[in-house]
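For A:48, A:59, the entry in TrEMBL reads active site, proton acceptor.
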Ligand SMILES: Cc1ncc(COP(=O)(O)O)c(C=O)c1O
């Protein structure tokens with residue numbers, strides 16, 4: 001409930017909320033620290049921190065490369081968790097973990113959730129853990145006040161969406177299109193229909209991610225969704241223009257998300 | 001998850017939401033063909049007219065005499081069209097694709113055998129075809145890339161991660177989550193999310209059905225042991241399928257020992273000590289991974305066994321001790337290959353040669369009244385570059401140098 005309530009309160013003051021994404025340890029935890037500082041200063045509403053995995057099946061080339069380079073650079077799960085704790089201590093906004101199930105499976109589900117709860121982590125996104133396999137983990141997370149974030153896809157039926165929603169908390173992550181992260185998404189009429197189906201199937205706030213890259217994209221989501229998720233785009237920006245480019249980029253996005261009237 | 005997705009504690013279906021409906025569709029289609037005797041009949045007819053089924057069971061008399069123990073029989077999956085057992089699974093899935101009404105197939109490949117088989121099937125059935133192959137495997141199995149392209153397939157070189165089979169699988173999934181409406185992913189081995197492990201083993205069980213009949217006819221009783229190499233596990237499960245539960249037949253799976261089980265450079269998940277339970281590539285099994293759950297780099301002289309995971313069905317047999325697992329090193333593999341060529345005039349694939357290694361180690365301890373079967377999963381022609389290099393063959397080197405020079409003009 002905590003994450004959902006927070007988002008609802010925030011949403012009362014903005015047309016649309018912003019969630020940004022970083023891959024922990026890419027290009028380095030120090031760079032992550034600097035990027036997050038700029039994101040928070042720029043007014044993002046929550047941040048998902050991806051614990052890297054060698055087999056990120058649902059990610060496209062940019063995030064895939066970031067995962068691999070982070071691991072090649074020696075990033076450990078322990079360092080990621082310590083970093084997550086530090087961020088959630090330092091800033092007011094909610095932080096979530098995104099990773100693949102094996103990382104949690106190897107760490108131990110209960111141990112991971114206990115640690116994340118103690119560190120103040122608000123939610124958990126696991127793209128390779130459908131409720132058929134993860135119902136218990138979802139329940140265990142909710143019990144500890146961590147929101148399991150379930151994913152809707154354009155291929156999900158209404159029955160399926162309702163079922164997913166029953167396991168989730170915090171918000172629903174709607175992937176804007178088929179495919180993996182990275183490529184730009186066409187936010188067309190079909191997309192509008194899809195988001196209406198999402199809205200009808202759940203009472204949870206809706207976040208939209210996959211290929212949201214610009215202020216125009218974020219604007220297109222106003223009225224359809226509660227939160228826009230910026231993923232690969234900030235990684236690309238840091239790669240191409242360095243850490244300092246993040247603040248101004250977030251500011252342009254927030255130009256829309258900051259005006260409530 | 002429904003119980004058929006699990007084998008003991010292994011298996012499952014850890015897939016992104018976007019594929020949920022695709023898998024429901026696939027499960028329904030698989031249940032249909034499994035309960036329809038006409039499907040199996042169609043499959044047998046196809047395999048006996050387009051491929052070379054039933055494949056023979058060869059009595060290797062010279063090798064048997066050489067080792068002075070058990071009678072060695074070789075199940076000749078190399079005589080399948082495209083030269084490996086991979087064709088069984090692929091042609092079966094091809095018939096399934098026709099029934100599902102899809103028009104495009106994708107596949108991962110390590111050794112290239114599964115890729116070649118899939119490209120062949122796509123050409124025959126008129127499907128578009130894209131094959132994902134790790135950069136390292138493209139380099140070591142170049143002849144297969146040539147044939148795939150010649151049959152009209154697009155071969156995509158995967159440069160991520162360890163640039164081998166697991167990375168090709170990830171990339172094939174990335175394609176599938178985009179194109180699932182038109183496209184079927186022809187998974188090449190008994191791994192991945194349900195229903196693939198069960199479906200692939202079921203299609204490969206044709207090997208065991210034939211082998212059982214053949215050994216009874218030729219030897220008069222069941223074999224004492226059956227040896228099969230284990231990459232993902234499809235050829236081994238295929239031949240083992242008709243012998244599970246036979247008290248007199250021991251089933252032996254042979255993994256890639258690479259430079260040795262203590263070298264850190266191998267692909268032995270079940271008989272080594274570097275693997276632990278994990279979930280990746282859509283299923284739960286024993287994976288070669290570190291304590292964080294990051295997958296390790298594997299090594300094998302054979303591309304087809306060079307993989308982090310293993311069939312959840314085999315992990316279950318390993319845990320229940322109904323299959324014994326051993327490893328063969330790169331060096332032993334080359335020696336066994338050399339001996340088999342000299343004694344029998346048969347060229348096993350590097351993958352298959354792993355099974356020969358273990359059979360050669362154990363044949364002398366058995367009686368000449370006993371029989372063992374080696375599943376020769378494929379032929380070695382595809383490995384000519386790797387084998388020639390392992391033998392450091394001087395005349396082959398001269399030939400390559402001359403050829404290269406001719407192309408440079
Ligand atoms: C000839 C041959 N044998 C064996 C294998 C290993 O696969 P599996 O364990 O699924 O039979 C391969 C895989 O590429 C192969 O090409």
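These residue numbers are counts, starting from 1, taken along the chain as shown.
Note: Cβ is positioned from N, Cα and C throughout, glycine not excepted.
Note that the coordinates shown come from a computational prediction; the quantities given were computed from them, not determined experimentally.
The Cβ of residue A:59 (active site, proton acceptor) has 25 neighbouring Cβ atoms from other residues within 10 Å, across all protein chains displayed. Non-local neighbourhood of residue A:48 (active site, proton acceptor): A:19, A:20, A:21, A:22, A:95, A:96, A:97, A:98, A:123, A:125, A:229, each in the same chain, at least six residues away, with C-beta under 8 Å from its C-beta. In the three-state DSSP assignment, the secondary structure recorded for residue A:48 (active site, proton acceptor) is strand.
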